[in-house]
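Student: Handing you this structure, nothing more for now.
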C-alpha cells in the first residue's frame with residue numbers, strides 16, 4: 001500500500017466529504033432529515049405507527065423497520081421506478097435491511113413500547129455512499145421521532161441506547177481511502193461499508209474485493225479509517241441534535 005494517493009476530489013486519504021444534516025426538512029413526519037455526503041443527498045424520514053407487526057403481537061415491545069429507494073434521476077441516467085417494474089431489486093432489499101439492522105442495534109425495542117418506527121430513505125442524488133449516508137441521517141430522524149413521542153407523553157424515556165453511523169472505505173490506486181464518491185467507488189480494488197456505534201462497537205462490516213484481493217493489513221487499515229470517520233460523523237450528529245440529544 002502507498003501512504004498517499006491522488007483522489008479525484010483532491011481530498012486526503014482520511015478526509016470525509018462535506019457532510020450536512022438538516023433536521024425538520026419536511027413537516028409531516030415525526031422526524032425528517034436531509035443528509036448530504038458531498039453530492040450524495042438522501043431524505044430520511046421517521047414515522048410512528050401505533051401498532052406492531054403480527055409476529056410481535058402480545059409481546060409488549062416495539063419494532064423498527066426501514067425502506068430505501070432512489071428517485072429515477074438520482075443517477076447519471078434515468079432508472080425506472082421499482083414500483084413500475086412491480087418488484088424491488090436485490091440491492092434495494094439488501095440496503096433497507098441493513099438500515100433497519102443498524103438502527104435496531106441502538107434501540108431498546110421494549111422501551112419503545114408496542115409501536116413501529118418506519119424509516120424511509122429516499123435518494124435524491126447519488127454520488128456514492130448512499131447506504132452509509134442513509135444510516136447516518138436516519139439515526140437523527142429516528143431521534144427526532146422519539147423526541148416527539150416523549151413530548152406527547154407517549155414515552156417517559158428514550159429507547160435509544162447509543163448513536164450509530166456508517167461510512168464507506170476502500171482501496172483506491174493501492175491506498176486505503178475514506179468515504180468513496182462515485183468516481184472512486186467505480187474504480188476501487190476493494191469496497192467496504194462499515195457501521196459502528198458511538199461507543200465504538202461494530203454493527204456491520206461489508207467488504208468486497210472488486211478485482212485484486214485485499215490483505216489482512218489492508219483490512220485493518222480500512223477499519224482504522226472507518227473508525228475515525230464514524231467518530232467524526234457521530235460528533236456531527238451530537239452537534240446537530242444539540243440540547244435535544246437523548
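Using the three backbone atoms N, Cα and C, a Cβ is placed for every residue, glycine included.
Residues or ranges marked as phosphate binding site in Swiss-Prot (evidence: sequence analysis): 91, 129, 130, 131.
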Student: Other than 91, 129, 130, 131, which residues of the chain come within 8 Å of the phosphate site, judged by Cβ distance to the Cβ centroid of those residues?
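Tutor: Close Cβ neighbours, site residues excluded: 68, 95, 123, 126, 128, 132, 133, 134, 193.
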Student: For residue 131 (phosphate binding site), list the number of other Cβ atoms lying within 10 Å of its Cβ atom.
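Tutor: Cβ-Cβ neighbours of residue 131 (phosphate binding site) within 10 Å number 23.
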Student: Based on the record's binding annotation for phosphate (91, 129, 130, 131), what whole-number value in Å is the widest Cα to Cα distance?
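Tutor: Looking at 91, 129, 130, 131 as a set, their Cα atoms extend up to 13 Å apart.
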Student: Sorted by position, what residues of the same chain at least six away from residue 130 (phosphate binding site) have a C-beta under 8 A from it?
Tutor: 40, 42, 70, 95, 123
Student: Tell me the Cβ contacts of residue 129 (phosphate binding site) under 8 Å, same chain only and six or more apart in sequence, or just say none.
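Tutor: The answer is 17, 37, 40, 167, 168, 179, 180, 181, 185.
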Student: Determine the Cβ neighbour count for residue 91 (phosphate binding site): the number of other Cβ atoms within 10 Å of its Cβ.
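Tutor: That number is 11.
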